[in-house]
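Novice: Structure below; questions to follow.
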Amino acid sequence: LHKFTSNRRTMSEAMGPVEHLIAKGPISKYATREPAVRQGPIPELLTNYMDAQYYGEIGIGTPPQCFTVVFDTGSANLWVPSIHCKLLDIACWVHHKYNSDKSSTYVKNGTTFDIHYGSGSLSGYLSQDTVSVPCNPSSSSPGGVTVQRQTFGEAIKQPGVVFIAAKFDGILGMAYPRISVNNVLPVFDNLMRQKLVDKNVFSFFLNRDPKAQPGEELMLGGTDSKYYRGSLTYHNVTRQAYWQIHMDQLDVGSSLTVCKGGCEAIVDTGTSLMVGPVDEVRELHKAIGAVPLIQGEYMIPCEKVSSLPQVTLKLGGKDYTLSPEDYTLKVSQAGTTVCLSGFMGMDIPPPGGPLWILGDVFIGR
């Protein structure tokens, strides 16, 4: 996997409204709405860019056409730009495009699809082809897996300017089929159905150290023991749509508790920050002395970060503690370094919400 500056950061610098940018449109992500030779776990290296979001490479077609995608546990569809995208779709011009004429395994579908984001609707039509992870296996990522007959979206219109600056071409959703647009079987569910891995498991290692090599990894079919000590802790999925679990509470030092009495939370690799209800996050920022900026961001004086309280999430009776360095982000611009809070307030309405979203700030710890 590779890390890149989030759309939110890139577009925020261009004064775009944050509601259009964070998590590729979480309002719509959360508001509404299963024979080849088996093999061992398949690693996919992810790249870390400026401690923000993560992408990896896949191939679509025969021979494979390579695309960079966000492996997103907060959505369930795979889409990439199409060679047939609209003339005025600038985002399409600057990214790799799928060309069905160059694939011997392409099967026409043609059903139209729409995925709604805060800045507009991404639209196109469905197609079917093989999907390879990674695109071209190498010595650093041996093996690989090819999923046959995978339905995916060819995007012919991408909304607003959000995707223009993106360092990824598309998105590969890894949530449950229940939230898949057009009821398309997600890639990993198709992979399981075709019995391409011994264990129906995938795992992420996200390293927030941008200098670390290899930086991050997605493992299909298992876990990589070199990235953890001891035994794994399991939490029940409370609703098979997103990777949704129950959070008992969230403590800010000894001065504040939010999510009192418990709440629901989503573990989402496609969101950079931790997102919670507006009123609760406002209280959290008050407790850590963060100062509001424009566009929903909060700043913390960098010299005060080390003295901030720890933030502890209690999940299934187990404490997961974030240090101040874990939940703050250093951003340098025009020679000046500022420290931003890793928390964002956003109210997610029923039936999907209210929810906390545990993004890369949490997962990367």
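Cβ from N, Cα, C; glycine included.
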Novice: If you have Swiss-Prot open, could you say which of Cys66, Cys85, Cys259 makes the disulfide with Cys135?
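Specialist: Swiss-Prot annotates a disulfide bond between Cys135 and Cys66.
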Novice: Quick one: which of Cys92, Cys259 does Swiss-Prot link to Cys85 by a disulfide?
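Specialist: Candidates were Cys92, Cys259; Swiss-Prot matches Cys85 with Cys92.
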Novice: The disulfide recorded in Swiss-Prot for Cys339 goes to which of Cys263, Cys302?
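Specialist: Partner cysteine, according to Swiss-Prot: Cys302.
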Novice: Express the distance between the Cα positions of Cys85 (disulfide bond) and Asn109 (N-linked glycosylation site) as a whole number of Å.
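Specialist: Pair distance, Cα basis, whole Å: 17 Å.
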Novice: When you rank Cys66, Cys302, Cys339 by Cα distance to Cys259 (disulfide bond), which of the disulfide-bonded residues ends up on top as the closest?
Specialist: Cys339
Novice: Counting other Cβ atoms within 10 Å, pick out the least crowded of the disulfide-bonded residues Cys66, Cys92, Cys263.
Specialist: Cys66
Novice: Hey, of the disulfide-bonded residues listed (Cys302, Cys339), which one tops the CB count within 10 A?
Specialist: Cys339
Novice: Do you know offhand how many angstrom separate Asp72 (active site) and Cys92 (disulfide bond) by C-alpha?
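Specialist: For Asp72 (active site) versus Cys92 (disulfide bond), the Cα atoms are 20 Å apart.
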